[in-house]
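**Q** Would you mind keeping the following structure in view while I ask a few things?
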Amino acid sequence: MTTSPYPIETPFKVCIVGSGNWGTAVAKLVAENCAEKPNIFQRDVKMWVFEEEIEGRKLTEIINTEHENVKYLPEIKLPTNLVANPDIVDTVQDADLIVFNIPHQFLGRIVKQIEGKVKPTARAISCLKGLDVSPEGCKLLSTSITDTLKIYCGVLSGANIANEVAKGNWSETSIAYTVPEDFRGAGKDIDPFILKEAFHRPYFHVRVIEDVVGASIAGALKNVIACSVGFVEGAGWGDNAKAAIMRIGIKETIRFASYWELFKIKALSPPNPKTFTEESAGVADLITTCSGGRNVKVARYMIKNNVDAFEAEKIVLKGQSSQGILTAKEVHELLTNFNLQDEFPLLEATYKVIYENGSVDDFPQLLEGDQ
């Protein structure tokens, strides 16, 4: 049994908001930890499920009786202490740690539903990938959660393909977490030790870092870059072209992060360039995502079959989301607002293919300025 270096009078209650492919995989490992560490966590882990019917049965009923998410994570047995719940308020109330794992376009609606319903001492972790863009600048999704719910939110991001994690194949991740002083106080701290105990498994290693901005930006932009990789795959250009896309993508990600103050991103400290090259949330996540994730698959299908992005998403993902499609638009809007399009030729070229009938054949010319 793991012993906390800090006294824990009442074990922490953990819940998961989201039950898609990645949401269920994360819920599985968290529930495993909660069952094994009763001195730190309460045993049962509620997982909010957007209710659907599968062959005449409610998805929550299937998960709770057969312990399998047959739609989003089939053929993976889930812990019996993972409880599917269709009521979002009931899921989060009284939770000490709330893990958000939903498509980022739904975040605003979800947090509004639970505003004022969560414990003021709760903490949150965002597994979402994306940015909240407005004419004034850019907000991290974790900051959006904090601003609405008035609880501190960190970020989990890394080279994590959901099915591999769910099968127990070894991988690692980054948790970016730095609690500001105004959120500290008696009974209010869930420290990095607790987070590591909640997420770390023998097959899922966790490194806790402080760079929330860097991890968030890398997690958002890698999905756009992965779309570019899918485009060149669809065009049949091979591994050399994919490597070039990833190199330019890393460079543009670091450049994007350097504008964090201009973009008015709230942060306790500036992004650390080492996050992008040394942490799982950086280059490792980019490599994994560009090696065959859903963004690559959708983008590849677009080019091979000459269909638009949303049609490809519907056909390939069957109801799930390709976050790169939406993020490409958000990033373009941000760069346009600050007149920075010319500094990000890859991100802009990707946007044009998705939204302006641009051609992947133009990539070599559009990226010439990066050389």
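Using N, Cα and C of the backbone, Cβ positions are placed for all residues, glycine too.
Dumping what Swiss-Prot says about this protein:
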- Lys222: active site, proton acceptor (ACT_SITE)
- Gly18, Ser19, Gly20, Asn21, Trp22, Gly23, Phe50, Phe106, Ala162, Arg294, Gln323: NAD(+) binding site (BINDING)
- Lys129, Arg294, Asn295: substrate binding site (BINDING)
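Have a look at these and tell me how they're positioned relative to everything else.
**A** Counting every protein chain shown, the Cβ of Lys222 (active site, proton acceptor) has 31 other Cβ atoms within 10 Å.
Other Cβ atoms within 10 Å of the Cβ of Phe50 (NAD(+) binding site) number 14 in total over all chains.
Within the same chain, residues at least six positions away from Lys129 (substrate binding site) with a Cβ under 8 Å of its Cβ are His104, Ser157, Gly219, Ala220, Lys222, Asn223, Gln323, Thr327.
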**Q** What does the structure give for the C-alpha distance between Asn295 (substrate binding site) and Phe50 (NAD(+) binding site)? Integer Å is fine.
**A** 23
**Q** How many neighbouring Cβ atoms, not counting its own, are there within 10 Å of the Cβ of Trp22 (NAD(+) binding site)?
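**A** Its Cβ shell of radius 10 Å holds 25 other Cβ atoms.
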**Q** Can you tell me how far the Cα of Trp22 (NAD(+) binding site) sits from the Cα of Arg294 (substrate binding site), in Å?
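**A** About 12 Å separates the two Cα atoms.
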**Q** Using a Cβ cut-off under 8 Å and a sequence separation of 6 or more, which residues in the same chain sit near Gly20 (NAD(+) binding site)?
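**A** For Gly20 (NAD(+) binding site), the qualifying residues are Tyr72, Asn101, Ile102, Pro103, Gln320.
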